[in-house]
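**Student:** Reproduced below are the annotations present in TrEMBL:
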type	residues	note
BINDING	101, 103, 108, 147	Mn(2+) binding site
BINDING	103, 108	oxalate binding site
DISULFID	23-39	disulfide bond
DOMAIN	53-200	domain 'Cupin type-1'
SIGNAL	1-19	signal peptide
């Protein structure tokens with residue numbers, strides 16, 4: 001029994017020595033791998049690295065979508081590097097919308113701080129799941145699926161905090177992917193079933209060429 005006890009003690013001690021509690025990202029390194037950024041030296045890590053105040057500042061909603069997303073991803077909040085999570089603030093002015101988009105690298109959980117937000121996602125079977133949320137409600141959006149958020153409080157702003165299951169969830173907005181690129185309009189017309197005037201109008205609005 002003593003030998004077994006000593007063996008387990010040795011394994012536990014070795015594991016503790018090798019364990020790394022955190023890996024605050026060295027974003028200045030310019031090196032990014034699928035597992036994240038390299039770590040800054042632990043001796044240079046301070047308490048300030050683990051705190052982030054950016055989500056307390058309202059985003060600028062004076063734009064085409066009347067909405068703003070303030071990210072706390074690894075690029076803004078290096079302490080989440082390697083921890084499998086991140087967050088963002090979602091500000092929706094009256095009439096505000098986060099257009100149909102995906103996060104290729106993460107699941108998303110949305111919490112309504114105030115207001116009313118209509119949220120929805122579309123499954124890979126093309127089934128839509130739609131819900132209008134009020135203060136205190138949450139909704140989950142599975143990884144990689146198209147989803148959106150619209151301010152349902154017509155005359156008031158709405159605010160949500162979202163969390164992600166990755167330090168770098170990625171983002172692709174469907175409208176911009178389709179019409180902010182340089183694909184020839186003739187190809188888009190064939191692939192979207194829209195006519196030439198509609199495609200050129202959307203490219204003009206969203207900054208596309210071709």
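Backbone N, Cα and C atoms are what each Cβ position is placed from, and that goes for glycine too.
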**Student:** Using a Cβ cut-off under 8 Å and a sequence separation of 6 or more, which residues in the same chain sit near residue 23 (disulfide bond)?
**Tutor:** 36, 37, 38, 39, 81, 82
**Student:** Around the recorded Mn(2+) site, report the further residues of that chain (criterion: Cβ within 8 Å of the mean position of the Cβ atoms of 101, 103, 108, 147; site residues excluded), sequence-ordered.
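**Tutor:** Sorted by sequence, the hits are 102, 121, 141, 145, 146, 169, 171.
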**Student:** Using DSSP, break the domain 'Cupin type-1' (53-200) down into helix, strand and coil residues and give each count.
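**Tutor:** Secondary-structure composition of the domain 'Cupin type-1' (53-200): 25 helix, 56 strand, 67 coil.
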**Student:** What are the sequence-distant neighbours of residue 101 (Mn(2+) binding site), meaning same chain, six or more residues apart, C-beta distance under 8 angstroms?
**Tutor:** 146, 147, 148, 171, 172, 173, 174
**Student:** Is it possible to get the count of other C-beta atoms within 10 angstroms of the C-beta of residue 147 (Mn(2+) binding site)?
**Tutor:** 22
